[in-house]
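Participant: What TrEMBL lists as active site, charge relay system is Glu290, Asp294, Ser491. According to TrEMBL, the Ca(2+) binding site annotation covers Asp534, Ile535, Gly553, Asp555. According to TrEMBL, the domain 'Peptidase S53' annotation covers 214-574. Look at TrEMBL and you will find 1-18 tagged as signal peptide.
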Amino acid sequence: MVRTVFVFVSLLAALVAAVPHPFVVHEAINGAPEGFVHAGTPSPDTELTFRIGLVQNNIAGLQEKLLVISDPASATYGQWMSTEEIVEFTKPSAATDAAVKEWLAENGLTAATTSIAGDWLSITTTVGKANTLFNTKFQSFAHPETGKSFIRTLAYSIPASLQGAVEVVHPTVTFPNPLGGVPRLTASIGKRELNALEKKDLERRAIPASCATTITPACIQAIYGVPTTKATSSTVKLGVSGFIDQFAQTADLKSFLTKFRTDISSSTTFALQTLDGGSNPQGRNDAGIEANLDIEYTIGIATGVPVTFISVGENTKDGDLGGFLDIINFIQGEAAASRPQVLTTSYGQNENTVTRAMANSLCNAYSTLGAAGVSILFASGDGGVAGSQTTSCSTSFLPTFPSGCPFMTSVGATQGTSPETAASFSSGGFSNFFAQPSYQSAQVKSYLTALGSTNAGKFNTSGRGFPDVAAQGVNFQIVDGGQTGGVDGTSCASPTFAAIISLVNDRLIAAGKPVLGFLNPFLYSSAGTAALTDITTGDNPGCGTNGFPAKAGWDPVTGLGTPNFAKLLTAVGL
Ligand SMILES: *[C@@H]1O[C@H](CO)[C@@H](O)[C@H](O)[C@H]1NC(C)=O
């Protein structure tokens with residue numbers, strides 16, 4: 001009897017073990033993105049850390065509400081959601097949570113929860129086990145231009161029973177951008193003589209003549225009317241994203257402030273927050289142009305606003321996008337009172353190197369932080385219509401990510417002062433993943449009408465248009481590794497715009513009003529557009545075309561335009 005039962009049980013066990021989970025392909029791509037080459041099979045013992053995004057309760061409901069509370073015309077404008085309310089929308093159902101954890105347990109894996117709502121899990125395992133778990137064969141892909149290599153696959157599967165439970169697994173088929181968003185050294189910005197009219201215009205506007213070709217904090221203050229006085233509220237805060245190999249240097253910051261902000265203490269510095277084993281080593285050889293630029297121009301412009309450098313480390317092992325997510329989940333998990341109300345990130349990549357599932361999941365994460373009252377700004381990219389860096393493209397323009405996400409604010413670049421004109425590298429265009437949000441549809445429609453048949457067939461007229469706004473981005477003077485030099489890029493524009501938004505937030509907080517939070521519906525409103533200087537000249541060439549021309553109103557080079565501090569205060573009722 002006992003024996004029979006035993007046999008029965010062991011037979012059943014054998015049966016269960018023998019029947020494989022029916023797998024379904026969850027995501028697949030045709031090949032590695034441009035710039036990557038297949039570089040063999042990694043050792044099965046290599047460790048990998050994956051983030052698993054679970055299907056959320058009601059993210060559409062959160063986004064619907066977010067579009068109301070961020071609309072200045074709404075009665076509930078500025079009533080940002082509490083953490084509890086956000087969690088209600090974003091947590092997975094109990095059944096989803098249990099099903100995924102059961103599957104992992106069957107494979108001997110215990111997941112760590114990496115978001116407060118439990119919608120993101122993390123597992124660390126080996127390539128060999130991951131190959132079984134996701135019914136795939138992970139490969140090594142090298143990126144010869146940077147000498148970096150990454151473990152990715154071209155397709156992965158999940159058990160059919162989990163199709164409605166798992167949104168995305170990363171890193172799998174989304175490749176990183178090993179070039180990051182690093183700004184370029186200013187090549188040969190012409191030290192041309194200004195003509196008499198230009199000189200007169202600058203004099204009238206009290207802008208130093210040098211600002212026509214060389215940007216310092218004083219130029220930003222003069223061009224955009226930014227106050228030099230200190231922020232006064234006790235809770236205003238600005239976050240700066242930092243990634244692998246980009247370290248912000250306190251010695252460089254000190255030299256920068258000594259040189260360019262003689263009116264404030266040169267000891268003004270940033271707070272450091274490290275994630276995923278991040279660090280921020282100090283030393284001439286650790287200087288990173290991007291990190292130094294971002295820190296020098298947030299601290300250098302947002303006078304008196306505490307700045308936190310959030311450094312994401314090597315543990316992500318996958319370039320940028322896992323780190324993007326970890327920063328969002330980290331900030332979301334902070335107490336509301338200690339969160340930065342503005343986050344600037346000068347990294348990005350071409351939209352066609354990110355899968356729809358990954359793009360959606362990250363965009364959803366941005367919407368949850370926007371709902372919490374955090375303004376999320378990203379540099380739009382430096383390749384004109386050809387993507388985040390100049391990429392070869394023949395048939396279609398290459399929109400950048402995350403600029404296509406409708407729940408963040410994309411910042412393009414300008415140059416010069418008389419008039420301020422589009423910087424030719426300023427990425428802009430239309431997403432192929434995200435539809436045009438209603439807050440911009442009128443302005444985008446006007447632009448497309450004015451554009452006529454130019455570039456027809458090279459971009460998606462129904463996609464979300466970007467950038468939303470712009471700021472100066474050419475020949476920013478920075479101190480890096482002890483040297484002063486000029487850099488160009490939308491990487492200059494995003495921290496500049498973010499610093500200005502932080503100063504507006506400071507005034508709002510001091511007046512007992514809510515902070516700006518998710519910016520776009522405000523920016524595209526009549527009050528918002530009135531607070532921006534429309535840029536109407538220049539274009540962003542690429543892909544063998546002149547790109548998009550800047551025009552009156554919104555355009556996919558400079559968005560709605562550049563900030564005017566006094567008008568922004570008026571627009572928010574101060
Ligand atoms: C164009 O954008 C729409 C809206 O986001 C999208 O549904 C469609 O797939 C895009 N078309 C192409 C060819 O990518």
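Here, residue 1 is simply the first one shown, and the rest follow in order.
Every residue gets a Cβ built from N, Cα and C, even glycine.
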Participant: To the nearest Å, how far is the Cα of Ile535 (Ca(2+) binding site) from the Cα of Glu290 (active site, charge relay system)?
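Facilitator: Cα-Cα distance, Ile535 (Ca(2+) binding site) to Glu290 (active site, charge relay system): 26 Å.
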Participant: Go through Glu290, Asp534, Asp555, our recorded positions, and report the one whose Cβ sees the most other Cβ atoms within 10 Å.
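Facilitator: That would be Asp555, with the highest Cβ count within 10 Å.
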Participant: How would DSSP class Asp534 (Ca(2+) binding site) in three states?
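Facilitator: Assignment for Asp534 (Ca(2+) binding site) reads coil.
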Participant: Quick one: give me the count of other CB atoms within 10 A of the CB of Ser491 (active site, charge relay system).
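Facilitator: Cβ-Cβ neighbours of Ser491 (active site, charge relay system) within 10 Å number 31.
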Participant: On a count of neighbouring CB atoms within 10 A, which of the recorded positions Asp294, Ile535 is highest?
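Facilitator: Max Cβ neighbours within 10 Å, all protein chains included: Asp294.
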Participant: Please list residues from the chain of Gly553 (Ca(2+) binding site) whose Cβ is under 8 angstroms from its Cβ, counting only those at least six apart in sequence.
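Facilitator: In sequence order, Gln443, Ser446, Tyr447, Ala450, Asp534, Leu560 meet the Cβ cut-off.
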Participant: Within 10 Å of Ser491 (active site, charge relay system) (Cα-Cα), which of the recorded positions Glu290, Asp294, Asp555?
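Facilitator: Neighbours among recorded positions, in sequence order: Glu290, Asp294.
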Participant: What does DSSP say about Asp555 (Ca(2+) binding site): helix, strand or coil?
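Facilitator: Note: Asp555 (Ca(2+) binding site) is in a strand by DSSP.
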